[in-house]
């Protein structure tokens, strides 16, 4: 200001005699020189003198602590980063931020009162990151991808033919079908021989048909579910067992009625002819078919994908199960009628357990039903005990198919294999018994029971034995007319 107003003069001139403060302020703001302390004297645009600070850092040097100058501030920051220390003796400068950015699959949860700070929360379970601040659940048929940024389709599984759970039931079924076909072929080949006749040919073929269907059910249970397969499952799963047990029940009931009638009268009971037995058997089978038809009318069959059956806590293990819409309760109802026939047949088998040994069917049927009951008593706890298992589909299907096949195998092995063995390897035993009038034999058995209740237990209990023989041969004569035996 002196140079501008008083050029070349020493001291104040007249122009500076009266100072203009506004003009003086303008010059003061533009001052820039080094003061006696060696620091610059300047003013910023606001007229403020710049801050002068020395920056210290608290450091540990040679096991002693001290403050060390690492820089200064004079209108701007000047740092000597080489002189700085950080925790863990790291040379990397830590971030000076409140919160780190969230990773993919994480949402921001803001800190109350500090909108620029947040916590990162994982979108866990079946959730995915919908936006920066929101996690949402995937649709029921989807699961989150690897980093939970979206959803992928849940894989669909079914029981494969190559699975160990399927190989064993299929092997049993194939062997059973081969054995059944062999027995049928043998019976057809020797259809007119005494042993085949004494077995009750008509009911035998019905029973063998039921046994065949029991084995064939395994292939339906393992096939890929669709509307046709599911419909066939409903029809044949219970039908094979119903045919088998209806035929056995008719046989045991017939045996029971014949020997009960023999205690009271010399006349033969009604409805013991082959035609009558077939009518009774098919009447019992029709109840099963009627129930299935009603079920079809109320709830048509369909294949479904169950996403809840294997919806595990870990989404990576989640699977959708392709299966038929048959619940556990519906399955038990489907098999319930067959089990009712089985229990009833077992009751009659117990009642006829005292039939003489010469009667060819009573004892094997009894052993068959006892063994079958044991098989199904073992099936029930296994089937329902695994209802919460992740392997439910495999265990229950395998258990069911093996139980059905074992039931058929018991009937086939105990009732028919001994006959086939005699027919093929001991033809000398396949000869007709001696013939006597049914009326005469029943009379003898009745009189024997009246005079000696234990006559049937005598080694030479001829009367009761002859009754059995006469009924077995299917060649007896009643009132001068031929009649069918057991």
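For all residues, glycine too, the Cβ spot is worked out from N, Cα and C.
TrEMBL does not curate its annotations; it predicts them automatically.
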Would you mind telling me which of 285-306, 307-328, 329-350 TrEMBL tags as transmembrane segment?
329-350
So which range, 203-222, 263-282, 443-462, gets flagged transmembrane segment in TrEMBL?
203-222
List, by number or range, the same-chain residues at least 6 past the transmembrane segment (404-426) whose CB is under 8 A from its CB atoms?
169, 172-173, 176, 179-180, 182-183, 186-187, 190, 193, 195-196, 199, 204, 207-208, 210-211, 214-215, 217-218, 237, 240-241, 244, 248, 361, 364-365, 367-368, 371-372, 375-376
